[in-house]
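Colleague: Have a look at the structure that comes next, please.
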Amino acid sequence: MSDELSLSPEPEPDDLLVEASLRPKTLAEFVGQPRVREQLELVLEGARRRGTPPDHVLLSGPPGLGKTSLSMIIAAELGAQIRLTSGPALERPGDLAAMLSNLSPGDVLFIDEIHRIARPAEEMLYLAMEDFRVDIVVGKGPGATSIPLDIAPFTLVGATTRAGALTGPLRDRFGFTAHMEFYEPEDLEKVLRRAAKILGIDLRPDGAAEIAARSRGTPRIANRLLRRVRDYAEVRADGAVTRSVARAALAVYDVDELGLDRLDRAVLSALVRSFNGGPVGISTLAVAVGEEPSTVEEVCEPYLVRAGMLARTPRGRVATAAAWAHLGATPPPGSPAGGPAALF
Ligand SMILES: Nc1ncnc2c1ncn2[C@@H]1O[C@H](COP(=O)(O)OP(=O)(O)OP(=O)(O)O)[C@@H](O)[C@H]1O
Ligand SMILES: [Mg+2]
């Protein structure tokens with residue numbers, strides 16, 4: 001796995017090196033997500049006119065779609081400072097109390113992976129979000145007292161890849177929830193053009209279209225593929241990223257026309273060839289390809305489902321007719337249709 005090009009939407013070490021420079025800085029620079037952008041514009045403009053911090057914002061959606069970028073944009077658009085932390089970092093309520101009591105009026109507090117916040121910190125957050133107050137507990141046992149402390153009015157921006165894992169009381173305290181969707185290919189082309197300009201890559205329109213189609217609806221993956229294709233273009237061609245260069249480069253990295261990698265294809269192939277299209281349980285399928293069930297479930301499956309190749313049924317995973325066709329096999333009668341039509 002290690003020497004391959006990863007198609008996981010989670011950041012790889014070399015993504016992190018360039019992401020800071022590739023992050024859009026303003027709402028206008030933020031490509032795609034038209035609904036989220038319009039809603040957010042209204043929320044921010046309303047707050048600006050009233051001269052108060054906007055409602056707390058929850059950003060939910062799969063990895064690599066721009067939640068962290070958007071949180072920084074919210075702060076920038078408000079002309080506010082942003083403080084960054086994450087759910088796992090807030091294990092003890094004292095950690096959160098320290099952050100909250102250091103806020104200046106109007107600051108944006110960004111909590112990444114907010115669904116992983118520990119319960120006592122979460123409870124402290126309720127009061128902070130609602131009344132801009134924290135109760136600091138001093139001492140232990142029966143002698144413990146709590147001291148109420150006012151904190152500066154702030155805006156909490158929470159990001160989560162698993163909105164369903166948030167507790168009701170926490171979810172209810174956000175005034176605005178933005179659901180990030182996978183990007184359309186045309187939007188990914190814009191993301192790629194912008195990144196190419198920043199990185200000084202000679203990206204041609206047909207090359208951009210080819211990379212966008214294989215990027216799994218995810219800007220982070222689009223930018224990663226662009227960098228790998230650029231290597232190929234510089235080493236094996238004249239540096240220009242055209243369609244044929246992109247195709248040749250991505251063939252080297254085993255990324256097919258639909259953006260499926262070797263593991264995705266192994267999963268589909270096992271489903272079709274070893275289990276005659278299913279239904280089969282996820283753990284059986286994982287054993288068949290020699291992977292952890294969680295890898296198959298969290299890395300491969302979401303995109304295979306979205307690409308219309310695999311369906312989840314109560315009895316297990318089923319290959320769609322499109323999956324059989326993608327592997328060059330004839331689907332048995334009764335296979336669900338699926339296919340790229342189900343893509344967007
Ligand atoms: N709308 C966009 N326009 C341009 N580039 C984008 C956009 N969204 C994301 N990107 C690019 O993708 C990279 C990853 O985005 P970001 O880190 O904001 O995703 P995320 O949703 O926070 O991911 P994670 O869930 O892994 O934290 C950014 O550095 C940026 O290069
Ligand atoms: Mg992020």
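One is the number of the first residue shown, and numbering goes on along the chain from there.
Note that Cβ sites are derived from N, Cα and C of the backbone, with glycine treated the same way.
The ATP binding site annotation in TrEMBL covers Leu22, Arg23, Gly64, Lys67, Thr68, Ser69, Glu130, Asp131, Phe132, Arg173, Tyr183, Arg220. Marked as domain 'AAA+ ATPase' by TrEMBL: 53-186. The region 'Small ATPAse domain (RuvB-S)' annotation in TrEMBL covers 184-254. Per TrEMBL, region 'Head domain (RuvB-H)' is recorded for 257-344. Residues or ranges marked as DNA binding site by TrEMBL: Arg312, Arg317.
Where in this structure would I find these features, and how exposed are they?
Modeller: All protein chains considered, the CB of Gly64 (ATP binding site) has 27 other CB atoms within 10 Å. Under the three-state DSSP scheme, Gly64 (ATP binding site) falls in the coil class.
In sequence order, Glu301, Val305, Val318 make up the list of same-chain residues 6 or more apart from Arg312 (DNA binding site) whose Cβ falls under 8 Å from its Cβ.
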Colleague: Ranked by the number of other Cβ atoms within 10 Å of their own Cβ, which of the binding-site residues Leu22, Phe132, Arg317 ranks first?
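Modeller: Comparing the binding-site residues Leu22, Phe132, Arg317, the most crowded Cβ belongs to Arg317.
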Colleague: Using DSSP, tally how many residues of the domain 'AAA+ ATPase' (53-186) sit in helix, strand and coil.
Modeller: 53 helix, 36 strand, 45 coil
Colleague: Indicate the candidate from Thr68, Tyr183 with the smallest number of other Cβ atoms within 10 Å of its Cβ, considering only these binding-site residues.
Modeller: Thr68
Colleague: Near ligand 1, which of the binding-site residues show up if the criterion is a Cβ under 6 Å from one of its atoms? Options: Leu22, Gly64, Glu130, Tyr183, Arg312.
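Modeller: Passing the 6 Å Cβ check against ligand 1: Leu22, Gly64.
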Colleague: State the mean pLDDT for the domain 'AAA+ ATPase' (53-186).
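Modeller: When the pLDDT values over the domain 'AAA+ ATPase' (53-186) are averaged, the result is 94.
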Colleague: Going by DSSP assignments with H, G and I as helix and E and B as strand, what are the residue counts for the region 'Head domain (RuvB-H)' (257-344)?
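Modeller: So the region 'Head domain (RuvB-H)' (257-344) is made up of 44 helix, 9 strand, 35 coil.
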